[in-house]
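Undergrad: The structure under discussion is supplied below as C-alpha cells; questions concerning it will follow.
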C-alpha cells in the first residue's frame, strides 16, 4: 500500500492541493493505516522508532496546523483546511515509512520502483513533446471556440488576459507529462536521475569490477553465472548486459525530458547532486564508475544536442536566466516583507496566493501561489518558528548522515568482499525465494498504482485520459526489469540519498514544490530513508544495544544518537491508536473529503447549466455552498451569476435540456422564488456579500467582484447606498492588492460617480503610476481606460 501511494501520486497533477486535489490520496493513506492497525490489534511487541528528527518534524507539522486553524478564521478558509490535511498526511506518511523495517534489498526495490516510475513519466513527457502537444495545438487553431466549450473554459473567450495566458502555456514547447507545471516535472525527475545513475554504476560493477576477489580467493572471471543445480537463482551475465542497456536507455530518456523542461534550477541541482555523489565517496568512485560518469556526461550532451536540434531549447534558456532570477528576487522580497508582518504564525498554509498580493511589488510579473523557495514558503505560511523547526529537522538528518559509513567501508571490516559479479550470483542463490517473498508486495503495489492513479485523478480538478498509462507503464516495467540486478546485489550508500536530497533542496530554493504532493513524495521517501540508515552504516552502538532502557538521562542520550530509540508500546496502545485514527478519518471526511468532492461536482454541473439557464446554475451553486460550508467559490459564482442575470432576465426553457442533478432533494431549492424587484435583488446581493467575505477574508478578487456587483446595482436602481458599498469593497480590494492598476482605475470611476473628485483624481494618479512602472504588457491598462483617467485628471 505504501508503494501504491508513493507511485500513484505523481501520476496526476498535484499543484492544486490547496484546492482539494489531494483529498482522495489522503483518504487512501489514512484508510491504509487504519486497516494496518486493525490487522495488528492485540499483538505484542509493538515498537516505535524515534529520533530527534521525528520530534523536530512533528513540531513543524503541529505549528503549521495551528497556523492553518488561524487562517480558517482570518483568511481564506477552504484552502487553509485543505493544506492542514496535506501536512497531516505528510506526517502520517513520514511515520508510516519510518516504522517500516525495510531490509537493504527492500530499500533498493522501493527506490528502483520510483526511478522506473520517473522514467515512465519522462517518456510520456517526450511523447507529449513529439506527438500529443503538436496535435493539440493544431486542433486548437482550427476549432478554438468548440474546444474551449468542451473543456468548460468558454469564459476565457470573454477574458482576453486569461485567454492570452492560457494560449501562452498551450503554445510553449515544454513537456508537462502528468504535472501542471514544467518546474514540477523537473523537480520530480531530478532525484531519480541520480538514483538511476547510481544503479547504472552498480550494474556496470556487476560486470566489470575485477579489483576485488571473492571470499574464496577466486577472481570474478571464474565465478559461474548460474547455480550448480540449475535453479533460477540469479540472472546470467547476458541478462545483466540487457539490464544495463535498459537502464542506460532510461537514463537517457530522463535526461532528455529534464533538459526539455528548461528548468534552470534543475540543471544546477543535477550538477550539484553529481558532484556530491563523487565528493561523499559513494559507489561512483573508482575507475569503472568514472568511465560511467563520463558516459553520462556524454548522454547529457547528446540530450542537449537533441533538444537544440528540435528547438526544444534555445539560447534564451541561458540568456534569460538573469531575468528569471530577477523575477525570483521580486517574489522573495515580497515574501520577506510578508514574514516580517506575520512572524509568529504566518499567513497560514494554503493562503500564500491570497496574502501575497498585499506585498507584491508594483513591477513584479505575476500573482504567484508559492514563493518559489521551499524554506521561505514554510516560514511565510507557518511563521518563523515553523521555518526554524523545519530547518532543524533537515539539519539533524544530515548530521546523522555525517556519521554514516559507506557500504564498502562497512563490508570491508567483515573480511574479504566478494566480487560484484559473484555477489550477484551468490546472493541470488541464497535468497531467491526469500527475496521474492519480501519484494512481491512492493511489486504488486507498484503495478496497482498505475490504474489506481487514473481513478484517483478522476476525483481531482484535472483528470487525465489513459494516454499516460499506455505510454508510461510499459516503459517503466522495462526499466524495473533493468534494475533487478541492482535490487538483488547492488549497494545503497548513504551518499546517494544525501546527493538526491541536496539536489531537491537546491532546485526547490528557486522553484519550490514542497506543497505539491506529487513532487514532495520523493522528498519524504528519500528523507525517511536517509534518516533511517541501517545501523550497520554507523560506527559505535548497534540498534540492539540502543533500545529504550535506563533512566531519562540514558534515554535522552540514546535519542541523540544516529540510531535513536526503539520504544516498546503496551498492547493497549494499539487500541488507542485505532481510536485516534478513527476520529482523524471522521474529522477529515467531515471537513475536507466529503465537502470538497460534493462541491466540486455541483460546481461542475453549475458551469454546464449556465450555458442554458442561469436559474439552474444558481441552484447548483447554492447546493455546493450547502455541501461545503467553508468554500468561498460557490458564493463568488453566485455573485457572478447575479451580475449575468441582470434586473429582468429572460427565462429559458432549460430544464428539459439538463438531467436532474445528483442531489438528495432539490424541492426546497426549486421552490425558491426568483427576485422580481430591485429590492429583492439588493437583498440577494447583500446575502451573497455577507456569506462570501468571511470565507475569503484575504482574497482580493472576492472584494472586487462585490464592488463590481454593487456598481451594477447602483446603475439598475440609482440607489446611492449601493454605490457607497461598491466604494467600500473597492477600497477593501485595493487594501488586499495595492499595486493592481485596474482596481485603482475602477475606484477612480466610482468616486467620480459619488462626487468625490479629489479622491477620484488621487486614485487616477495611482492607476497611471502603476501603469507606467510595470514593464509587463498584460499589466497595462487598456487605451480606453487611460483616456478616461487622463480626462479625469484634466478636470471639467
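Note that Cβ sites are derived from N, Cα and C of the backbone, with glycine treated the same way.
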Undergrad: Any idea which of 109-127, 128-146 is down as transmembrane segment in TrEMBL?
TA: 109-127
Undergrad: Looking at the ranges 403-420, 421-438, 439-456, which is given as transmembrane segment in TrEMBL?
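TA: So the range that TrEMBL calls transmembrane segment is 439-456.
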Undergrad: If you check TrEMBL, which stretch out of 238-261, 334-357 is marked transmembrane segment?
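TA: Within the set 238-261, 334-357, TrEMBL attaches transmembrane segment to 238-261.
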Undergrad: Have a look at 551-571, 572-592, 593-613, 614-634 and point to the one annotated transmembrane segment in TrEMBL.
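TA: Per TrEMBL, the stretch marked transmembrane segment is 572-592.
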Undergrad: TrEMBL tags one of 79-97, 155-173 as transmembrane segment - which one?
TA: 79-97
Undergrad: May I ask whether the transmembrane segment (26-43) has at least three C-beta pairs under 8 Å with the transmembrane segment (79-97), counting pairs 6 or more apart in sequence?
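TA: Contact confirmed: at least 3 Cβ pairs fall under 8 Å.
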Undergrad: Within this structure, do the transmembrane segment (382-401) and the transmembrane segment (109-127) have 3 or more Cβ pairs under 8 angstroms, counting pairs 6 or more apart in sequence?
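TA: Not in contact, no.
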Undergrad: Using a Cβ cut-off under 8 Å, which residues of the same chain at least 6 positions beyond either end of the transmembrane segment (382-401) come close to it?
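TA: Here the qualifying positions are 51-53, 56-57, 59-60, 63-64, 67, 339, 342-346, 348-349, 375-376, 494, 497-498, 501, 505, 527, 530-531, 533, 562.
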Undergrad: Considering only Cβ pairs within less than 8 angstroms, which of the stretches 55-73, 439-456, 572-592 has the most against the transmembrane segment (26-43)?
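TA: Answer is 572-592, with the largest number of Cβ pairs below 8 Å.
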Undergrad: Cβ pairs under 8 Å with the transmembrane segment (468-487): which stretch of 176-201, 439-456, 572-592 has the most?
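TA: Most contacts with the transmembrane segment (468-487): 439-456.
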Undergrad: Grab the same-chain neighbours of the transmembrane segment (176-201) for me: Cβ-Cβ under 8 Å, and only residues 6 or more beyond its ends, written as numbers and ranges.
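TA: Beyond its ends, the transmembrane segment (176-201) has Cβ neighbours at 10-16, 111-112, 114-115, 117-119, 121-122, 124-125, 128, 244, 247-248, 250-251, 254-255, 257-258, 261-263, 265-266, 269-270, 273-274, 277, 282-284, 288-289, 292-293, 296, 462, 464, 468, 483, 486, 490, 492-493, 496, 499-501, 503-504, 507-508, 511-513, 516, 518-519, 522-523, 526.
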Undergrad: Return the average pLDDT for the domain 'O-antigen ligase-related' (250-391) as a whole number.
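TA: Summarising the domain 'O-antigen ligase-related' (250-391) by its mean pLDDT gives 84.
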